[in-house]
Amino acid sequence: MDKLRMLGGIPLKGEVVIAGAKNAALPILCACLLTDQSITLRNVPELQDVRTMLKLLQEIGVTVEYPDVNDRTHLILNAANIKSSEATYEMVKTMRASILVLGPLLTRMHSAKVSLPGGCAIGARPVDQHIKGLKAMGATIKIKSGYIQAETKPPLNRLLGASIVTDMITVTGTENLLMAATLASGTTVLENAAREPEVSDLAELLVKMGAKITGIGSDRLVIEGVESLHSAEHSVIPDRIEAGTFLCAVAAAGGEITLKHCRPDTLDAVIVKLKEAGLIVETGSDWIKATMQSRPKAVSFRTSEYPAFPTDMQAQLMAVNAIASGSASITETIFENRFMHVQELNRLGADIAIEGNTAIAQGVEKLSGAIVMATDLRASASLVIAGLAAQGETQVDRIYHLDRGYDRMEQKLTLLGANIQRVK
Ligand SMILES: CC(=O)N[C@H]1[C@@H](OP(=O)(O)OP(=O)(O)OC[C@H]2O[C@@H](n3ccc(=O)[nH]c3=O)[C@H](O)[C@@H]2O)O[C@H](CO)[C@@H](O)[C@@H]1O
Ligand SMILES: C=C(OP(=O)(O)O)C(=O)O
């Protein structure tokens, strides 16, 4: 199992190019299942989750081509010959986002069988809202032997437009129901829809494919179903979480970095907090320059749905708070168990206590390097940030979690002057 080893205390300096967003790329790859024509994608990040999704789509019968041998971010997908409508447990257990094939397969192929994702390190993460929404659209759904078995009803054998209000805001739930609704008979209204930029990016692609969607970017999506969708080209939006992670890295380790090919407008809540912590931030339409000349100041925050502070940035900003002056309270409102990094940050010398869904971080002057273990994707990123700020050597074990969602993070950090290596 790969590990990352780093020597902390070196300020970061230089430029880094931000990749396409994992959480936009995954639903967008699944959208190719909605048509028998080719979908051309650019800026697809080179990540383990993307490789897993492509493997799943290929098992279903999708062909994947790379028109430029030197560019793995440019793909052409074609789902003209679907041979199976199944996502197996083997696939779903390594990547929960596999659930995103359910809506597209059901609406185009009239049946789908997808393994129920289990709980994961950050929470139970049920998919009841996905199922409830598809049932409201007339699907027959049975849970059998750990699988969701979904079918459309004869004689029409099509999903039917419906008014759906989800009990809570769900990102992949909105995406699944949005994709399902594009080919349904009649109009679907999705209330309480997630407003994350990744949902909007998927919706933009669907519109290019011929879908009729209004309300993009709002919490009320209206989808008028069409008979079929067609080919389209799309470039995946830049990853706001990767960008935010590098901003936290410079806030913790000090220095001056410029992020290229990013979307500052999707990072407002994160930038506000980092400015409060002392980071000097300048932005253009697709770049961010960030300078940190002092020890960070502690900043309290609570996670919530977009446009509020994202749960996927909670662990990284907590690592900044670990070495800040003062104390901060960090409340996690989205996932019930997303504090696994606290124990490991404390092994590096942090002073963080958990009280229910709030962590109280009492900033310490210095962290000291140690061997720590990554427990989930963003927890891994927070340990790397802490390791870059710590004195001495830190080793982060089990970085397969990190590789799910970051494209060669250690290479990008090396370009910024960090002393970091992957150890096989
Ligand atoms: C691939 C992807 O895009 N992953 C993101 C997506 O995950 P994901 O889409 O899985 O997260 P959701 O937005 O669905 O989850 C939000 C909350 O709703 C609950 N819930 C959700 C659906 C459901 O049917 N029932 C239910 O109870 C979840 O357990 C959680 O407590 O949004 C999360 C919240 O921004 C991010 O952390 C993940 O990075
Ligand atoms: C929790 C995350 O991803 P996933 O939903 O794929 O587990 C994440 O990207 O931080």
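Heads up, the Cβ atoms here are built off N, Cα and C, so glycines get one too.
As annotated by TrEMBL, domain 'Enolpyruvate transferase' applies to 11-413. For the domain 'Enolpyruvate transferase' (11-413), the model's average pLDDT works out to 97.
Residues annotated as phosphoenolpyruvate binding site in TrEMBL: Lys22, Asn23. The 10 Å shell around the Cβ of Asn23 (phosphoenolpyruvate binding site) contains 26 further Cβ atoms across the protein chains shown.
Positions annotated as UDP-N-acetyl-alpha-D-glucosamine binding site by TrEMBL: Arg96, Arg125, Pro126, Val127, Asp128, Gln129, Asp312, Ile334. Of all the Cβ atoms in the protein chains shown, 17 others lie within 10 Å of the Cβ of Arg96 (UDP-N-acetyl-alpha-D-glucosamine binding site). DSSP assigns Arg96 (UDP-N-acetyl-alpha-D-glucosamine binding site) to a helical segment in the three-state reduction.
Packing around Cys120 (2-(S-cysteinyl)pyruvic acid O-phosphothioketal) is summarised by its Cβ count: 13 other Cβ atoms lie within 10 angstroms of its Cβ, all protein chains included. Taken from TrEMBL, the feature 2-(S-cysteinyl)pyruvic acid O-phosphothioketal applies to Cys120.
Residues annotated as active site, proton donor in TrEMBL: Cys120.
Taking a Cβ distance under 6 Å to any atom of ligand 2 as the criterion, the binding-site residues Arg96, Val127, Asp128, Gln129, Asp312, Ile334 reduce to Arg96, Asp312.
Of all the binding-site residues given, namely Lys22, Asn23, Val127, Asp128, Asp312, Ile334, none has its Cα within 10 Å of the Cα of Cys120 (2-(S-cysteinyl)pyruvic acid O-phosphothioketal). The sparsest Cβ neighbourhood within 10 Å, among the listed binding-site residues (Lys22, Arg125), is found at Arg125.
Under the DSSP three-state reduction, Asp312 (UDP-N-acetyl-alpha-D-glucosamine binding site) is assigned to helix. Ranking the binding-site residues Val127, Asp128, Asp312, Ile334 by the distance of their Cα atoms from the Cα of Lys22 (phosphoenolpyruvate binding site) places Asp312 first. Cβ neighbours of Gln129 (UDP-N-acetyl-alpha-D-glucosamine binding site) (same chain, under 8 Å, six or more residues apart in sequence): Thr166, Asp167, Met168, Thr170, Gly173.
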